[in-house]
Amino acid sequence: MGRKVTVATCALNQWALDFEGNFQRILKSIQIAKGKGARYRLGPELEICGYGCWDHYHESDTLLHSLQVLAALLDSPVTQDIICDVGMPIMHRNVRYNCRVIFLNRKILLIRPKMALANEGNYRELRWFTPWTRSRQTEEYVLPRMLQDLTKQKTVPFGDVVLATQDTCVGSEICEELWTPRSPHIDMGLDGVEIITNASGSHHVLRKAHTRVDLVTMATSKNGGIYLLANQKGCDGDRLYYDGCAMIAMNGSIFAQGTQFSLDDVEVLTATLDLEDVRSYKAEISSRNLEATRVSPYPRVTVDFALSVSEDLLEPVSEPMEWTYHRPEEEISLGPACWLWDFLRRSKQAGFFLPLSGGVDSAASACIVYSMCCLVCDAVKSGNQQVLTDVQNLVDESSYTPQDPRELCGRLLTTCYMASENSSQETHSRATKLAQLIGSYHINLSIDTAVKAVLGIFSLMTGKLPRFSAHGGSSRENLALQNVQARIRMVLAYLFAQLSLWSRGARGSLLVLGSANVDESLLGYLTKYDCSSADINPIGGISKTDLRAFVQFCAERFQLPVLQTILSAPATAELEPLADGQVSQMDEEDMGMTYAELSIFGRLRKVAKAGPYSMFCKLLNMWRDSYTPTQVAEKVKLFFSKYSMNRHKMTTLTPAYHAENYSPDDNRFDLRPFLYNTRWPWQFLCIDNQVLQLERKASQTREEQVLEHFKEPSPIWKQLLPKDP
């Protein structure tokens, strides 16, 4: 009997409800795995229908078409002589489960339902599925007739079960189960399971790869064994980008690493590993062995098939390797770029339209598109036929082969500087120079005529003409005049996106890109239905701090020196009149806080789950060397006042690439009301009382502080009760 096994895992760019495309990608991955000598192939979570079907899981069609794809896979000669592990939704006794279906040679060996469902952040699995809660128990699943006719089986095992081959034992985890405190791999490993598989639907978040790799290596470090992780990759229909990172680990070390960001629709990893290395590693850990004697056994499905071959002495084994991580700046350069590529080719539009202001945010969006063009050119040069076909379809030229990212950018990206009488020459120059360097088709236009026309209608109807504060107007007039400019830019962006190519004699329309960052969205520092309103936003989930680091990275990586000028310029909306030809409006002055402070507020609010009072308490210590308690209180109250006042803007926010755990995305990730009492009277009074106590304590002698300590504090609610008449 052999001792070396060759196993395969993969990352597939599946698309929700694209059953034909998903089927072909699954089939191709199996074919590649067999070609590399693998005897077991693992695919991503729910790969047959695509992970992001959301409420389509409620539809019987989704279940039906998934079964049809499974039948097609079972019937294909490609799937013969290799154990195939695929993911799909299954209805069992009128309950819907997220399942793995494991089959070999037209026979379904077992169905393993997911036991721990992801239901936080962007995940809502409990809305569509039920977890299997019967540990180490199985039932008989009655196959639909279309499968009975094909497999000649009436029922198959369904439940928490492992697979015993002639030479080893394989157990399944599904995505979230790896992240739970009591992961199934622990008991499975103690019960003699030597190979653990994990089919994931895990999306990208900046700096998340470290956690994923640590979980896998730790799982095999404490308990020994081989661990395969498969994941989806790409944009499968919404704000999330699934970032691959397929991997194979053994005994705490990585033996195969997949790409995190790639335009390849199918990526297959294989490793040849020695089962005796697993057995000797496990047997040496005496504390593990003692626990193994107490573990309850798993039901086993046996199969007359081996993952090893009998004559394998000369078969080379894979070597351990160090995982290569991307810097956050690289992640921003690659993740959103791949997401944009998927969105563009699958939407069948002809390119992007980007309002380019000359500031950091729109420059970052432009750089992401340029990075996308670089990835496309590299993929074509490496022989990726699918990318070549896609780009030929986009430019409507069957003989076209992209060679230069700048030339491709000129075909796919139209940028536009929309000047007003409040715009400076500096921002105009920076926008024009950046467009020249990346090669985009660039337009310069003035919005003043449109602004005057809109204000003329208002003046005609009311007999009044609003003025800026600099010209003696009120704050209401000042804000209205700023918003008119911003909203006209949005209208013009959509007009030019729809007709720009038509005016040039080319086919198709363009997707409008937004450039509002996550910090400005959190505070509401944007005009509702301005240029933040777009089709998609590649930077909407990224903080200003990370964006500045990313733009600095692009300046060096892509040799774009104008980005240094953009970084050194003050952030400004340029919606108010210039003062002696110079910009007088600064973003951080308008907001009343710095972008760095705003990032801290965002993380405390969402990640640390801090309301106004808790945030104040945390910041007292964090900012003790920079601000007094009174100043901290003022900043916290200002943030929550503005945040709650502007929360309604999140309900119409442009769909943005999800990249941060403190995103205020109202769609699914950050569910909050949008009508608040913006005075926060109870919460702010708690803060004010704490400030008074701190100030009083600072002015007291030591004896007075001791006496104060033993006084009964006045309850907060007594201060809020109505006073007696």
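From the backbone N, Cα and C atoms, a Cβ is placed for every residue, glycine too.
Over in Swiss-Prot, the protein carries these features:
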DOMAIN    5-275  domain 'CN hydrolase'
ACT_SITE  GLU45  active site, proton acceptor
ACT_SITE  LYS114  active site, for glutaminase activity
ACT_SITE  CYS175  active site, nucleophile
REGION    325-706  region 'Ligase'
BINDING   PRO355, LEU356, SER357, GLY358, GLY359, VAL360, ASP361, SER362  ATP binding site
ACT_SITE  SER357  active site
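Each of ALA363, SER365, ALA366, THR427, ALA431, SER515 belongs to the same chain as PRO355, LEU356, SER357, GLY358, GLY359, VAL360, ASP361, SER362, is absent from that list, and has a C-beta within 8 angstroms of the C-beta centroid marking the ATP site. Cβ neighbours within 10 Å of SER362 (ATP binding site), excluding its own Cβ and spanning all shown chains: 25. In terms of Cα distance, the recorded positions that sit within 10 Å of GLU45 (active site, proton acceptor) are CYS175, chosen from CYS175, LEU356, GLY359.
Put simply, the residue listed as 'active site, for glutaminase activity' is 44 Å from VAL360 (ATP binding site) when counted between their Cα atoms. For the pair GLY358 (ATP binding site) and the residue listed as 'active site, for glutaminase activity', the Cα-Cα distance reads 49 Å. CYS175 (active site, nucleophile) and LEU356 (ATP binding site) are 40 Å apart (CA-CA, integer value).
Among the binding-site residues SER357, GLY359, SER362, none has a Cα sitting within 10 Å of the Cα of CYS175 (active site, nucleophile). Distance between Cα atoms for the residue listed as 'active site, for glutaminase activity' and ASP361 (ATP binding site): 41 Å, as a whole number.
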